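Below: one structure, written as structure tokens.
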Amino acid sequence: MAASVDPRRLYRLVHEGQLCALREELRAAGRADCAGPAGDTLLHCAARHGHLDVLTYLVEAWDMDIEATNRDYKRPLHEAASMGHRDCVRYLLGRGAAVDCLKKADWTPLMMACTRRNLEVVQDLVEHGANPLLKNKDGWNSFHVASREGDPRILQYLLTVCPAAWKTESKVGRTPLHTAAMHGCLEAVKLLLQRCQYEADCRDKCGLTPFMDAIQCGHLGVARLLLEKHKAQVSSEDSLGAQALHRAAVTGQDEAIRFLVSELGVDVDVRATSARSSALHYAAKEGHVSTVQTLLSLGADLNAKDGRDRSDTPSRQPKRVLCPETASERGGSPAPGYRDAIDGDHS
């Protein structure tokens with residue numbers, strides 16, 4: 001009679017790569033098809049933790065299905081690719097794993113691999129037929145995902161094998177250049193400006209340009225590069241009429257504000273056209289005390305009124321309008337994500 005199975009012990013043995021002990025347990029149990037957390041199989045666990053010997057044993061001794069999915073529709077290939085375990089990726093591909101299988105939110109193994117700085121895994125997947133142009137539910141292809149991580153080698157490689165990969169926008173109109181700028185990936189931005197043909201001050205559906213993204217996230221090296229090489233306009237406005245200065249005030253980027261005002265000559269009291277608010281209004285509204293002090297030190301008018309005849313007194317609680325953003329912008333795997341947009345209504 002087969003012994004009872006303790007799934008937790010089996011998954012621990014796989015997690016730790018204890019092949020000999022696992023072999024003994026499975027022989028005694030007479031089966032290997034025990035479900036784990038999130039619907040994983042032992043194969044998912046072995047691939048995730050990079051234990052090729054365990055992976056091989058489970059496939060060849062127990063005939064486990066390499067196309068098994070968990071509750072997120074991940075397959076073992078997704079797990080191995082996302083963690084950069086090249087030997088496991090190559091083994092699964094050699095066994096005929098579907099290279100462009102989709103997990104939840106339509107992520108392929110290649111997209112998952114592009115969340116890591118592991119060129120060899122990306123190459124293996126592409127050489128086995130992975131399509132870099134496929135898009136996930138947010139409208140991101142693999143090149144766009146790679147632009148968030150900012151590895152120039154992966155971006156170079158994808159452009160070599162698929163020259164049109166850069167011509168992509170997310171469902172909210174964001175380009176790989178927006179994404180690389182937002183995440184401060186200076187070398188990636190250099191490459192995108194050299195090898196791709198993005199329009200100067202290309203805008204997403206909220207009206208943001210890559211320069212605005214760089215400024216509001218405090219990436220001054222990227223901002224300088226966009227000014228020098230891409231002819232970015234400092235005074236460009238988003239869909240609510242806010243300029244880079246206003247967005248820096250919302251996010252509390254004091255150094256970016258000094259850069260805009262002291263080095264680039266931006267008027268510290270320039271108004272956002274929709275609400276007639278200055279950077280000082282926005283900083284006060286968000287409760288950024290140091291940013292208010294920075295703006296005042298740069299000559300901001302403390303008595304200025306906004307479009308509703310209100311001053312910069314930070315008496316109201318911060319209120320934000322959330323501009324829906326692709327889930328892909330925030331992390332390796334999709335999760336609900338939003339990007340702050342400036343609120344034109346200060347009520």
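Glycine is treated like the rest: Cβ placed from N, Cα and C.
Over in TrEMBL, the protein carries these features:
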COMPBIAS  303-313  compositional bias 'Basic and acidic residues'
REGION    303-347  region 'Disordered'
REPEAT    38-60  repeat 'ANK'
REPEAT    72-104  repeat 'ANK'
REPEAT    105-137  repeat 'ANK'
REPEAT    172-195  repeat 'ANK'
REPEAT    275-307  repeat 'ANK'
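In the repeat 'ANK' (72-104), helix, strand and coil residues by DSSP number 17 helix, 0 strand, 16 coil.
For the repeat 'ANK' (275-307), residue counts in helix, strand and coil come to 17 helix, 1 strand, 15 coil, using DSSP. Counting same-chain residues at least six beyond the ends of the repeat 'ANK' (172-195), those with a Cβ under 8 angstroms from any Cβ of the stretch are 139, 143-144, 146-152, 155-156, 159, 166, 202-206, 208-211, 213-214, 217-219, 221-223, 225-226, 229-230, 323-326, 329.
Residues 75, 77-78, 80-86, 89-90, 93, 99, 143, 145-146, 148-149, 151, 153-154, 157-158, 161-162, 164-165, 168, 327-328, 332-334 of the same chain lie 6+ residues outside the repeat 'ANK' (105-137) yet bring a C-beta within less than 8 angstroms of a C-beta in it. Secondary structure of the repeat 'ANK' (38-60) per DSSP, as helix, strand and coil residue counts: 19 helix, 0 strand, 4 coil. The repeat 'ANK' (105-137): residue composition by secondary structure is 16 helix, 0 strand, 17 coil, according to DSSP. DSSP assignment over the repeat 'ANK' (172-195) gives 17 helix, 0 strand, 7 coil.
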